[in-house]
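Asker: Before I ask anything, let me first share the structure, which is written out below as structure tokens.
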Amino acid sequence: MNKLIIIAASFLLTTSCKTPEVPKSEPKEATTTIQEIKEKDHTTFVSNQRPKNVIFLIGDGMGLTQITAGSIAKKTPLVLEKFRQIGLVKTYSTKLITDSAAGATAMATGSKTYNGAISMDIHQNKLKTIVEYAEEANWLTGIVTTATVTHATPACFYGHQPTRSRVNQKLAAEFMTKNIEVLMGGGWNYFKKGLDGRDLIAEAQEKGYFVTDDIEQVGDYRPEKMICLISPKLPPRIKERGNYLPLAAKKAIDILSYPKSNFFLMIEGAQIDWGGHQNQSDYIVEEMLDFDRTIQEAFDFAEKDGNTLVLVTADHETGGYSINGGSAKDGKVEGKFTSDYHTATMVPIFAYGPGAESFTGIMENTEIFYKLKYLMNIDSLKPASD
Ligand SMILES: [Zn+2]
């Protein structure tokens, strides 16, 4: 019966719209399990609406409890409560419990891989990322994070390294080979004291980037390309970094939307995960509320624009977090943790805008890539990386 429905669905898709072709030669690294996922991906598209722009927000370590904690603390509805298309995502990598590198690789490239891989497959071949596809199709692109810009999640959207550790300078150098318009996060030192003694800050300026270390000083100025590196290495907590993330999101949207071409923007709330690792409810709540203000910037733009898909999801849950007490009236959360690492629990995905209904139901994290690639109409581009 299920098979019949799938056949009928693919028939409908082939007759009613341009169906993405199943790749003729499958990548040699694919295992049976991964292969099945890929074929399923191509039969689960339900939307023919294609967005002009995509804003993809990743709350690192943001499980359902983290979201609940944010909503209790805020006392008024989270922006996420305006999203009507909601699904659940299976986050496992080649291990049951993923890390952020394999999690981001799955969403950025459509392939499950080993923990620690920066957009490399299980045989350490490069996997082409959604940002690389987008660039090839002349979309403007941007990456914004509250980690270093060379941290696992943002790096998986532009870089390719067999391991995530001790490759900050290599990733910064890789970034320089791309044509990504906006990059914001921490990691000034990895550019200033770059690979082989290079000064990538100077190189970026030569390539036409406006480079700064302070988002607030940018004000209304709208450069065509911008790199903002707010800290030498890892960015600090809110107390020190202030309103950086919502401001960075707003500026990135401002820069990318101005020329009226298509744009793809990835924004990461990285430190929700760090609160989970430290088993600190207060840290999680603080980061959730910051992320909520950031989602607001994306939502407000999308609502006005009417042609932008906003996706909000997580790479995994962190902490095995639960809420065992507190007060809704006082906005107080009493959290408990079962782990100081990630867990295998599914994470929610929220979608708004054209194509949003494609993200309902239960899906593999790899499906997000295939759905995006289809919705962005870049399915005909070749999967081979440079
Ligand atoms: Zn983590």
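Heads up, the Cβ atoms here are built off N, Cα and C, so glycines get one too.
Pulled these from TrEMBL:
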- Ser100: active site, phosphoserine intermediate (ACT_SITE)
- Asp60, His151, Thr153, Glu268: Mg(2+) binding site (BINDING)
- Asp60, Asp273, His277, Asp315, His316: Zn(2+) binding site (BINDING)
Asker: Which residues of the same chain, at least 6 positions away in sequence, have a Cβ lying under 8 Å from the Cβ of His151 (Mg(2+) binding site)?
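Answerer: For His151 (Mg(2+) binding site), the qualifying residues are Ser100, Thr145, Gly185, Gly187, Leu234, Ala270.
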Asker: With respect to ligand 1, which members of the binding-site residues Thr153, Glu268, Asp273 satisfy a Cβ distance under 6 angstroms to one of its atoms?
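Answerer: Those binding-site residues that pass the cut-off, since their Cβ is under 6 Å from ligand 1, are Asp273.
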Asker: Measuring CB to CB from His277 (Zn(2+) binding site), give everything in the same chain under 8 Å that is also at least six residues away in sequence.
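Answerer: Once residues fewer than 6 apart are set aside, His277 (Zn(2+) binding site) is near Gly61, Thr318, Gly319, Asp340, Tyr341.
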Asker: Out of the binding-site residues Asp60, Thr153, Glu268, give me the one sitting nearest to His316 (Zn(2+) binding site) by CA distance.
Answerer: Asp60
Asker: Give the helix, strand or coil assignment DSSP yields for His151 (Mg(2+) binding site).
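Answerer: SS state of His151 (Mg(2+) binding site) = coil.
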Asker: Setting Asp60, His151, Thr153, Glu268 aside, what same-chain residues sit with their Cβ within 8 Å of the center of the Cβ atoms that define the Mg(2+) site, listed in sequence order?
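Answerer: Surrounding the site, in chain order, are Ile58, Ser100, Ala104, Thr145, Thr146, Ala147, Ala152, Pro154, Gly269, Ala270, Asp273, Asp315.
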Asker: Given Glu268 (Mg(2+) binding site) and Asp315 (Zn(2+) binding site), what distance in Å do their CA atoms have, once rounded to a whole number?
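Answerer: Between the Cα atoms of Glu268 (Mg(2+) binding site) and Asp315 (Zn(2+) binding site), the distance comes to 10 Å.
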